[in-house]
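Working notes for the structure below.
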Ligand code: BES
Ligand code: MN
Ligand code: MN
């Protein structure tokens, strides 16, 4: 029997201003995990969630994670919470992150990044609106709407919200493993709302993610930054070496030039070949979210395959390089190049690291430079692919149809959520990714937004999913 959801949906609509206000308060806390100076704000954001959850009647624990490796800085606490403890109900464990990417108005934002700004077309702009504060608050809002509608909450809800996801989920694996048989012991399934629709119209359920290995290459030589008029042509320059190393990693069409990577990639099966045609995804929407037409492929299938099931290597930046406007004639003494590899089945983290180290060391050796070089991984994370043939996915599909009036696509994604596989392995339960935002939200980019419609309907979706979960037969 379809669950009675009408009064819940009405209550979400009635409370929508309060829910937007809650998002405004969350966006106003600049919880940037990668900047040491912002760490107090990250902690404040965790406290905000804990306070809101406590007010809603949840049992909340703030768990310390100790020091950030290699620093004197405390990691932000994990917010663990439980709402409901009824042995006759299913228990769903949800995960999200309350940290965000850095943002400054001068990066090119049209509005202040840490002030939620609502546009006439319904875009709610602000850092973290879609990644991942809107979805995290979605769970809190679903609880509130049930309370004020006077409807019984359909499941026991366990929550795990962390503050270091954008930095590789430092410290969280250990906590998940330690709590698998404790705080998370009665979880029947896991749900993560931290990805996006493939386009702007059709919702999706996601069953795969790529992993992410993030590397640094340091090159140094001179004792201090130098005048290029005095030392140019007399000193071997670290940046010259680094740029030559970085240019040897990947080509214009995204081909990874490191031996030992392509060999690890799982072959395409006949079944998989047929999966791509039905996915609602067009090159036009890709061009729209890309903001240009500079794609490597011009067809949907190869593009989706490149994003979902092929590895990629991206160059991110060079620490220590002159990057300000103007024309400073400096020779940087030490530079650190940053790049990452998105990993896919059946790549192995250690094998991939070894291939990278061997290749970079080899390229550097061939340069014949007197400078010094060091290459190492800053963080690594495994890829994840699950089976969508599970009641967890069936419930989410029914909820999607009920809220959005269409069947969801079943998708994989190119991005990474490092702890997804950890949750699956530690709990032994099915993990579902249930996105709220859409492809044009611009996570990590300037003018990040969450459409008001996706936020409000997304809150209905998360609540409806829990009701359908309660009704699914076990399989
Ligand atoms: N929400 C994203 C993950 C994501 C992005 C999933 C796009 C699906 C599509 C998450 O906040 C994120 O940005 N993750 C990082 C992880 C990295 C730091 C290990 C990422 O993918 O870069
Ligand atoms: Mn995220
Ligand atoms: Mn992110």
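The backbone N, Cα and C atoms fix where each Cβ goes, glycine too.
According to DSSP, residue 194 (Mn(2+) 2 binding site) is assigned to coil rather than to any helix or strand. In the structure as shown, the Cβ atom of residue 194 (Mn(2+) 2 binding site) sits within 10 Å of 25 other Cβ atoms. For 97, 131, 194, the entry in TrEMBL reads Mn(2+) 2 binding site.
In the three-state DSSP classification, residue 99 (active site) falls within coil. Residues or ranges marked as active site in TrEMBL: 99.
Contacts of residue 444 (Mn(2+) 1 binding site) defined by a Cβ separation under 8 A and a same-chain sequence distance of 6+ are given as 101, 131, in order along the sequence. According to TrEMBL, the feature Mn(2+) 1 binding site maps to 131, 166, 444.
In the three-state DSSP assignment, the secondary structure recorded for residue 165 (active site, proton acceptor) is helix. For 165, the entry in TrEMBL reads active site, proton acceptor.
Look at TrEMBL and you will find 194, 227, 329, 342, 416, 444 tagged as substrate binding site.
Under the heading domain 'Peptidase M20 dimerisation', TrEMBL lists 210-365.
Residues belonging to the domain 'Peptidase M20 dimerisation' (210-365) score a mean pLDDT of 97 in the model.
Sequence-distant neighbours of residue 99 (active site) (same chain, 6+ residues apart, CB-CB distance under 8 A): 31, 32, 33, 42, 45, 76, 162, 163, 164, 165, 166, 167. All protein chains included, residue 131 (Mn(2+) 2 binding site) registers 27 other Cβ atoms within 10 Å of its own Cβ. Taking the Cα atom of each, residue 227 (substrate binding site) and residue 194 (Mn(2+) 2 binding site) are about 47 angstrom apart. There are 11 other CB atoms within 10 A of the CB of residue 329 (substrate binding site), with all protein chains counted. On a Cα basis, residue 416 (substrate binding site) lies 13 Å away from residue 97 (Mn(2+) 2 binding site).
The most densely surrounded of the recorded positions 165, 166 is 165 (count of other Cβ atoms within 10 A of its Cβ). With a CB cut-off of under 6 A applied against ligand 3, none of the recorded positions 97, 165, 227, 329, 416 are retained.
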